[in-house]
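Working notes, structure below.
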Amino acid sequence: MNIVNTIKDVRLIIKKWKDENLSIGYVPTMGYLHEGHASLIKKAREENDKVIVSIFVNPIQFGPKEDYSTYPRDLVKDSSLCEKFGVDLIFNPETSEMYPNKIYSHINVDILTENLCGEKRPGHFQGVCTVLTKFFNILNPTKAYLGEKDAQQLAVVRKMVEDLNFPIEIIGCPIIREEDGLAKSSRNAYLNKQERKSALILNKSLKEAQNALESGEKNSNNIRDIIVSKLNKEPLAKIDYVSIVDSITLQSVKKIQSSILVAIAVYIGKTRLIDNFTFKL
């Protein structure tokens, strides 16, 4: 397994692979890898000749009061996981390699970024789309693998790839959970023992909403109330948003008539966690 830090070097390797007509599966990450990332890598390994994982904590997708400086990093552990699951190349550039000068060019995806995390984290998806555009241009993958836990990100990236004619297939992979239901996340490392226990309220509240939908509830306000009521029973939980949106357009819906995304963002202590599920009539 190669670990490469420069655009020049990684392009030389990729040119060789492309000359040999090899397919490339790409998993973009910010590192501190867990079983969720491993599931993406395994899927990429199954479907491609070569697998690349990028590890880069992207500064331009963090707001001024967010956790860029404290985001967990552990390249040794990450490298071990990548090697275990058959990654061919880790691309781990320095910030100065990706952004050697002040960046004037940004990628925005309208409409899909108006709600959910896009509303609560201004500039976040501009940063995500800009860095992924750079990675797609540098790495030239055949397929890219993203987790469904970041459902809005997945929808936004799919639309960006479609609109800008990237010759890349975007593959969404299911949420991976702990045995007690908590969605796997690098930010779970921030939680102390009590917060970790309290964080289970996210999945529990979504389960209640899912049960109501399966029992025939079609009013989105009622579904939202079920989730809010459950979350409010947890003293350490502070709601950032609870949204029921169309799963394609990500626009709010009042009456549930087609496929919807039920998405929540909740602070447990100082840690912001997200979770979701999709429901189809």
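Each Cβ is built from the backbone N, Cα and C atoms, and glycine gets one as well.
Here is what Swiss-Prot says about this protein:
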BINDING   30-37, 147-150, Ile176, 184-187  ATP binding site
ACT_SITE  His37  active site, proton donor
BINDING   Gln61, Gln153  (R)-pantoate binding site
BINDING   Gln61  beta-alanine binding site
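Structure with Swiss-Prot features highlighted.
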| residue | record | DSSP (3 states) |
| --- | --- | --- |
| Met30 | ATP binding site | coil |
| Gly36 | ATP binding site | helix |
| Gln61 | (R)-pantoate binding site | helix |
| Glu148 | ATP binding site | helix |
| Gln153 | (R)-pantoate binding site | helix |
| Ile176 | ATP binding site | coil |
| Ser186 | ATP binding site | helix |
(request) Tell me the Cβ neighbour count for Leu33 (ATP binding site), meaning other Cβ atoms within 10 Å of its Cβ, over all protein chains shown. (result) 24
(message) Let me spell it out: for each of the binding-site residues (Gln61, Gln153, Ser186), count the other Cβ atoms within 10 Å of that residue's Cβ, using every protein chain shown. Which one has the most?
(response) Gln153
(request) Could you check which of the recorded positions (Met30, Leu33, His37, Glu148, Ser186) sits closest to Gln61 ((R)-pantoate binding site), going Cα to Cα? (result) Met30
(request) Round to a whole number and give the Cα-to-Cα distance in Å for the pair Leu33 (ATP binding site) and Gln153 ((R)-pantoate binding site). (result) 18
(message) Which binding-site residues are spatial neighbours of the residue listed as 'active site, proton donor' here, meaning Cα within 10 Å, out of Glu148, Gln153, Ile176?
(response) Ile176
